[in-house]
Amino acid sequence: MGPGSFPWLLHHDLRLGWRDFRSGFGRLGARPLLGLVALLLAVMHAAVWGLADEVGALADAPATRGEAEALVLPAAGFVLLLMLAGTLNGATKLLYARGDLDLLLSSPASARRVLGARALAVALGALASAAVFVLPVADDAALLGHPRLLALYPALAGGALLAAGAGLATTLALFGLLGPRRTRLAAQVLATFVGAGFFLALQARRLMPGLLPAEAPADGTWLRAAVGLPVRAALGDGGALAAWLALSAAAFAAAALALGPGFARSAVAAAGAGNARRPAPRRSRSSARLFVGGPLPALRLKEWRLIARDPWVVSQVLLQILYMTPLIALMWTGDGDPALGIAPMIVVVTFQVSSSLTWLGLSGEDAPDLLASAPVPASALRRGKLQAVGALALGLVALPLAYLLSVSASAAAVAAVLALLGLAAAVALQSWHGAPRRRSSFAARHRESKLMGLVEMVMSVLFGLGTALAVLPTAWALAPLALAGGLVAWMRPRRGSAA
Amino acid sequence: MPPTEPALSLRALRKGFGAGLPAVDGLDLDVPAGAFYALLGPNGAGKTTTLRMVAGLMRPDGGAIRVHGIDAVADPVAAKRITAWLPDDPLLYDKLTPLEYLGFVAGLWSVPPARARSLADALVERLDLGPHRHRRCEDFSRGMKQKVALAGALIHEPRLLILDEPLTGLDAGAARTVKAILADCVAGGATVILTTHILEVAEKLATRIGIIRRGRLVAEGTAAELGGGGSLEDAFLRLTETG
């Protein structure tokens, strides 16, 4: 593995990727982390045991293979979209990892080799993130006597290559269309919506039945063949697997080789984007609204301005609300009680949006020295920031809460109380575990603290479940809410430990 | 408050990080009101740590800090009210315009809105930020950001202005403007304390110069007194050489 060679560059990228992954677990050593991964894999293998047996048995018999394909098709769509989202993010990083690419592209190593290695690292990253959830099915099926499903290994690798090729091409197309400044944000937003695309498509079908075709494409059509190719490949059809791998490898190679020079030029342009000037605003605004009396109004105004001007933050908040739509539809089928869908949505959105905005307010401060040197007690600064984010979070759910009030006063009362508890829990968790960061780290906050990401996810589920049960009403509602309370108490910093 | 009270008085100031040598080791320093004071020292001498403690960003391990007679350790808010701090790499809010930034800083220091507006307009013009007043800071060069941050430090009319390497990243024209503004501040009765590695700046601007080494004041005086017939550079190197 000579210095500057393709394997050497790939090793460099994979090492950086592994360290990036490790940094999300704080000071956890490599061995405990590997143990944790092994534990997760063991849990996944146990969780999909029954599913692997069922799919494997259906795939083994030619008569039932169609049933297996129907079963696997949504999962394949989900996994491919997830990998595409990952590679869009990876390609954006590739383009904007400024110092790193400046160094690499100024070295004697060929740009094509540098970018090819990095593109493969992007594909391997996407593969690794999907493998944890997909490959246990293959292993279990093989153990249960259905070795056909071992085809999931190469099929998934093909999917990762295709996703990487598509991610690179899309990012470069965005670069050409929008320019370097807007591409980063557009690609990140697109990646988020692609990642959520599976849920959104499901929901669109449910809420607007005419929007998507109700049935799968008919047999014998090219569309059916194209849609079914990765599924048949994953289920061990030799011909389909060969075609899928050839298609994926060709797409990846075309993207990496053909787009390589374009990417190198774009990377250099992206590095210079910071020096480009925007056109001056056409009209100057009155300065009357810029100056307010007192630190708390100034703080609130500053927080609101920064949030409103950050399209990435706004898109993430909207997405958190969009994610809730499947929950609403699951619980509110049209002829059921609307309160059962809306009340949990209000509480979960309040908790999640509060968590995001509180992170921005308390941790994502770009000028900490300025605030620390201001003649305002730290507690007042904190209060001003919490007022700003709390008002936003509650403002977002005010309209659905008003609607809920018109439907059911008791459900509205339950939702209001639990939404306030959700807000309090989000503030407490962020206060205890938020660490000072630049606001631009917002997207990476859960990668930097995977524990907080996990806790927020579990809390959302517990709040949603507790609210739905409370609206029913049943005393069982106390169980998830008590668990949520217990989790917050468990997260409280112990005496003597750093908050 | 007696008129002869120093703008800044440090007594036996101490600050350490970990088990190594303290960054600031029993520092005694008086900066007279109305002085243009340059604090010099080699890298790691404790200049920035000292000034961060004065600005209330760090609590000292021991010793006393008085800003115009106010005990800055016991009552940091009162001391901050008359102090401005400008770090060497000021971090601004990229999504705010210079005027919005100044509005925010003025709000933090409770400057009445009408007064803040007129001061902001004057500062923006003085620092050649007029054409950029409604542009977001994300597009600005380092030098322009430094000027916006300086305007922020001045908008609440501090009596004590502390600047850490204020000329870093500025082109010659901007550096001249900043030096002129700082001289005006002193002429208007404020006290300026700055750190710099550019000895010519200290020599030309400062009415008094303090040299610290390993967290202690090793010499103080005017440029001429410290040079003792030679150059300030020679004196600085002699006083701060290791060993």
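Glycine residues also receive a Cβ, built from the backbone N, Cα and C atoms like all the rest.
In TrEMBL, annotation is done automatically, which means it is predicted and not curated.
Bear in mind that the values here come from a model prediction, so they are computed numbers and not experimental data.
For the ranges A:261-279, A:451-469, the feature annotated in TrEMBL as transmembrane segment maps to A:451-469. Counting Cβ pairs closer than 8 Å and at least 6 residues apart in sequence, the transmembrane segment (A:117-138) and the transmembrane segment (A:451-469) reach fewer than three and form no contact.
A Cβ distance under 8 Å defines the sequence-distant neighbours of the transmembrane segment (A:72-96), meaning residues of its chain 6+ beyond its ends; these are 55, 115, 118-119, 121-123, 125-127, 129-130, 133-134, 156, 159-160, 162-164, 166-168, 170-172, 175, 183-184, 187-188, 190-192, 194-195, 197-198, 216, 227-228, 230-231, 234-235, 263, 266-267, 270.
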